[in-house]
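Student: Dumping what TrEMBL says about this protein:
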- 31-292: domain 'DUS-like FMN-binding' (DOMAIN)
- 33, 34, 35, 87, 186, 240, 241: FMN binding site (BINDING)
- 116: active site, proton donor (ACT_SITE)
């Protein structure tokens, strides 16, 4: 767990409180937890382009608690990385609360992943299987609340919906009664992957609880985010793939601007982002602005210097691009 020698009081000094943001009446724009992708460098980038709240990638709580190596590799932050939510995959209340205690000096809250539909996660008792275990969710939230002393430290959950929406509403009501700060709802069932998002279900959930609800699923532009926010009556929207392909989406850009690409280069070099991650993000960002042939060439590059040469040759030098 690397925090650039941050003082342990940093989160108490942060001005932006996510819970207050959700009660502001304004659209709260959220970067989703994305395995391999929503790490410090990418969070730094989207914050430059009107993202209000960022999540870490999903972290296995048990590994995080038991392994210093896991902590150092899975959680890196700095003073500008706020407000920040650390998402954990957990199936044990004690281990989750142990993990929460480790990150609470450096984050605004934790989120329990109750929505990951991948088979390995569900087989290990993580992710979307938890929507069928409200008692375990209750116990995990309660233990975090009892052990983390800061009243401003949030505990949220991210869920998928049931085929029978009444079960999801019941789950959300129970979570609210337990003290969950807010709930993010991905508007698909566990079995659904690319089917249309059930925004009507998210709206119904919002109408049946008093805590903030965040809508998630297939949002790829600021206009779509605003439409979903208004359609569902929710308090915020969470975006994953839309931000990967266009990190400037929340600032109103329809496609990734060149300035954003060069900002990513600067941030990645400054923070020492591994080449594979650096390159993969650029592949996503340039998806809509490159031809098929250009993609083949760019995707085959194998070093940071080769990528920088390509960008300079095709899009001008950095100083020129930043003026565009």
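Glycine is treated like the rest: Cβ placed from N, Cα and C.
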Student: Please identify which of 34, 35, 116, 240 has the densest Cβ environment, defined as other Cβ atoms within 10 Å, among these recorded positions.
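Tutor: Sorting the candidates by Cβ neighbours within 10 Å, the top entry is 116.
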Student: Which residue among the binding-site residues 186, 241 has the fewest other Cβ atoms within 10 Å of its Cβ, if you could check?
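Tutor: Least crowded of the binding-site residues 186, 241, by Cβ count within 10 Å, is 241.
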Student: Where residue 240 (FMN binding site) and residue 116 (active site, proton donor) are concerned, what is their Cα separation in Å, rounded?
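Tutor: The separation of the Cα atoms works out to 13 Å.
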Student: Cα-Cα separation of residue 186 (FMN binding site) and the residue listed as 'active site, proton donor', in Å?
Tutor: 10
Student: I need the CA-to-CA distance for residue 35 (FMN binding site) versus the residue listed as 'active site, proton donor', whole Å please.
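Tutor: Just about 11 Å between their Cα atoms.
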Student: Tell me the Cα distance separating the residue listed as 'active site, proton donor' from residue 33 (FMN binding site), rounded to the nearest angstrom.
Tutor: 11
Student: Looking at the domain 'DUS-like FMN-binding' (31-292) alone, can you tell me the average pLDDT?
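Tutor: Summarising the domain 'DUS-like FMN-binding' (31-292) by its mean pLDDT gives 96.
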Student: So the record assigns 33, 34, 35, 87, 186, 240, 241 to FMN. If I measure every Cα pair among those residues, what is the longest distance in angstrom, as a whole number?
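Tutor: Per the listed residues, the maximum Cα distance equals 17 Å.
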Student: Calculate the distance in Å between the alpha carbons (Cα) of residue 87 (FMN binding site) and residue 116 (active site, proton donor), and round it to a whole number.
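Tutor: Residue 87 (FMN binding site) to residue 116 (active site, proton donor), Cα-Cα distance: 12 Å.
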